[in-house]
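Notes follow once the structure below has been shown.
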Amino acid sequence: MNSLDFDRKPEDTRVVVAMSGGVDSSVVAGLLKREGYDVLGITLQLYDHGAAVHRAGSCCAGQDIDDARRVCETIGIPHYVLDYEARFRETVINPFAESYIAGETPIPCVACNQTVKFADLLATAKELGADALATGHYIRSRPSPMPRYPGQRALYRPADADRDQSYFLFATTQEQIDYLRFPLGGLPKSETRALAEEMGLVVAKKADSQDICFVPQGKYSDIVSKLKPNAALAGEIVHLDGRVLGAHEGILHYTIGQRRGIGVATGEPLYVVYLDARSRRVVVGPKEALETRRVYLRDVNWLGDEELEAAARSGFECFAKVRSTRRPAPAVLSCDAEGLYVELVEGEAGVAPGQACALYSGIGEDARVYGGGFIRRSEREPAAEAALKALLQAPAAA
């Protein structure tokens, strides 16, 4: 077996590397070339990069494409650029805006991975005769411990917990996992940068890319307003107990759990606890109203060994992350008449619809990724849940 788990010599194995122009994917290309693989580098031009050309931490923009080209020249592999701007807008940017005006907190990186990178680019890699598509993500894959067929693989958390990207990859399908390779899964980021220096790559000291590459300076509301001019409609700021406290200029300016910049002063600390898109109301309340014990999921991608329905009916004990920066915490995957849900044993504050809930076998660096889903509804403590239900059933002011 070679280092990518193929039963052939590296020189007989063609690999396409998804190159963003950053240090991680550049090192992947360099490592594979050094090991003797037949390597092709492909960079996707994903969005109108005019505003991002000179912005540190951008991704798949003008300078990034040039950096990827220079890296490929340095290590001696072919480099191709594919224009996916229209596809990226259709499958990532537009749904991102739609989700925000619906009162959700979307994660466009998941959509990008599943549509543009792991679907379209993967198909292109196969057309080029590649045996695998390699990326610079910090996650591990290896042969499945209980394979149902030859070549089945499973996902695991990486060695560098601070760089763990498994949360953004929960929706990777089994077919995609079998074809993908993640050479950096066993390396710390510091070693990746050291390798870039050793290889003489121009990106060795380049800043890491931002989570949301197409949002300049992190101002989500700017891009949503541009794409959806009617999104910034005014409405009420309402307390969980029914009091109208003020007005806002669009729910897209708020997120669940927000405390600063709400726009009301009451003498008590208030947090955004719910965004009522239908009635254009921002619902605020005390911190304890953010406490969440249960989240209902949609679009579940299941990577466990037993059937999803059987696992949920029996109450599948696992660990869950509802934020990329948190460690997995004890959870139970179950189901009821409403659908699949995850019971968060220790609770979590400020969980918003649209966020992901990724599932794991444990909390360590070698924990297996069981998949996950998008949160469609969160359930609070009984008192807060009852108050919110009563408020939503009451008509909003005209």
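Glycine is treated like the rest: Cβ placed from N, Cα and C.
If you check Swiss-Prot, you get these features:
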BINDING   Ala18, Met19, Ser20, Gly21, Gly22, Val23, Asp24, Ser25, Leu44, Gly136  ATP binding site
DISULFID  Cys112-Cys213  disulfide bond
ACT_SITE  Cys112  active site, nucleophile
SITE      His137  site 'Interaction with tRNA'
ACT_SITE  Cys213  active site, cysteine persulfide intermediate
SITE      Gln355  site 'Interaction with tRNA'
Handout entry: Protein Cβ atoms within 10 Å of His137 (site 'Interaction with tRNA'), excluding its own
Key = 26
Handout entry: Reduced DSSP assignment, Cys112 (disulfide bond)
Key = helix
Practice task
Given the recorded positions Cys112, His137, Cys213, Gln355, state which is nearest to Asp24 (ATP binding site) when distance is taken between Cα atoms.
Solution key: His137
Handout entry: DSSP-derived class (H/G/I helix, E/B strand, else coil) of Gly22 (ATP binding site)
Key = coil
Exercise for the section: Quick one: pull the CA-CA distance for Ser20 (ATP binding site) versus Cys213 (disulfide bond), whole Å only. Expected result: 11
Problem - Euclidean distance between Cα atoms of Ala18 (ATP binding site) and Gln355 (site 'Interaction with tRNA'), Å - result: 26
